[in-house]
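Here's the structure we're looking at; comments come further down.
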């Protein structure tokens, strides 16, 4: 009894018609019949006879396209070239191994069947070809050793590369190849369900020619055999029945040799074959002679490219990089990798506008406290503008005062100016905001301007350093404003400077008698 998925068993009753019987099914099931007379007992049932068939070993139409190789990204012309090249290797190796033609044909049919279940991208066609011819030699009762098969394929590889033939060294590479062939043979058996029987049309061709009374024409017989051997490179042996293939080979040979055959009715109708099937087989066979010879190197590169692409797709599906490292997810979560738009380095020479804004924000509460003491809103706006340029004016006034003063008491004056002028400036401005109302300037009074100049000359001898700092402050204030408001603010600064100088003169005169109180007050205000 058969144990393959493509085998069926049929049983017939031997004696009485009352015995139950069942016909064989096409799905590989075994039918049983019990009889009262003698027969074959299988298990607990008695059978009259058991027949094994493989009528359903053909590939269905839905499996012909797309093939597993096409699903892995290999195009149909490349797959067809690989099938042709694999069958040519099996045929050439069978000749060198002195195998019968039936064994070589069996190996090629097994090769086609296997690659309709597996992909050329995932399995090396050369290793599978070795396994198929080794398995076919055992099936056709002409076994060959694996070492001979490997040596023959090594010799064919050297001839294909136009290299000097050299024997294969028995090293680790040879051992690995031998193990791969053994594993591939086991894989072929598993994929085919151990149903490796192949019905060849060789004998069928001779039988049909005898019916047609053409068996004595050796040229016709040999030509039909040649067409059949060439059709082994195509997929017709896994699509059509061997009887149909035999009729197609006879049809091609008779047309090539211009031998007439019966047409009323057509001779192939006698053997249960249609004209459409014969024409399709003839087209597939004749197409071989119009194709270019397959390029082994280009096919290997194409398969290797698809193999790398398939491996990268698998790693990407697992979330890994091509080198095997885990890929960082950019869809969600925290990523330690910096964004390409974020600045990596901040130059120290460039001044960031954010830092300037932060500095002004920090100084803003002090300005608000000083401006809150004034009952007028207009003074507050001017004080804000003057505070923004105060830091720059301080640095400029210090450098200018150091360069202009040549007295031996320069360091003492600088210290006094740092401690005293800050406190005096803050007190004078706060008092001016709180005590004096907002005054309108008289632009047409030359007597006041002359009086101001005389007071400046008198106070310059006593407080030269303070006058220099006040002038630097007025200059820094005037530089920050536009040209339209420069004249107006300069005149307002004269009145304010006059009041500040008078009060600072009084405080400095008192500080001669009370020096410690002024410095302490300056530290407190700072």
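Every residue, even glycine, has its Cβ placed from backbone N, Cα and C.
The region 'Disordered' annotation in Swiss-Prot covers 1-36 (among others).
The region 'Cyclin-like 1' feature in Swiss-Prot is assigned to 88-190.
Along the region 'Cyclin-like 2' (203-287), the predicted structure has mean pLDDT 92. Per Swiss-Prot, the feature region 'Cyclin-like 2' maps to 203-287.
Per Swiss-Prot, the feature region 'Disordered' maps to 318-526 (among others).
For 325, the entry in Swiss-Prot reads phosphothreonine. The Cβ of residue 325 (phosphothreonine) has no same-chain neighbour under 8 Å that is 6 or more residues away in sequence.
Among the features that Swiss-Prot reports, phosphoserine is placed at 335 (among others).
The annotation phosphoserine is assigned in Swiss-Prot to 338 (among others) on the grounds of a large-scale study or a structure entry.
Per Swiss-Prot, the feature SUMO2 cross-link maps to 339 (among others).
Per Swiss-Prot, the feature compositional bias 'Basic and acidic residues' maps to 342-352 (among others).
According to Swiss-Prot, the feature SUMO2 cross-link maps to 347 (among others), an assignment based on a large-scale study or a structure entry.
Under the heading phosphoserine, Swiss-Prot lists 352 (among others).
The feature phosphoserine is assigned by Swiss-Prot to 355 (among others).
The compositional bias 'Basic and acidic residues' annotation in Swiss-Prot covers 361-370 (among others).
Among the features that Swiss-Prot reports, SUMO2 cross-link is placed at 362 (among others), with the record citing a large-scale study or a structure entry.
The phosphoserine annotation in Swiss-Prot covers 374 (among others).
Feature annotation from Swiss-Prot assigns compositional bias 'Basic residues' to 382-418 (among others).
In terms of DSSP secondary structure, the region 'Cyclin-like 1' (88-190) contains 72 helix, 0 strand, 31 coil.
A coil conformation is recorded for residue 325 (phosphothreonine) in the three-state DSSP classification, outside any helix or strand.
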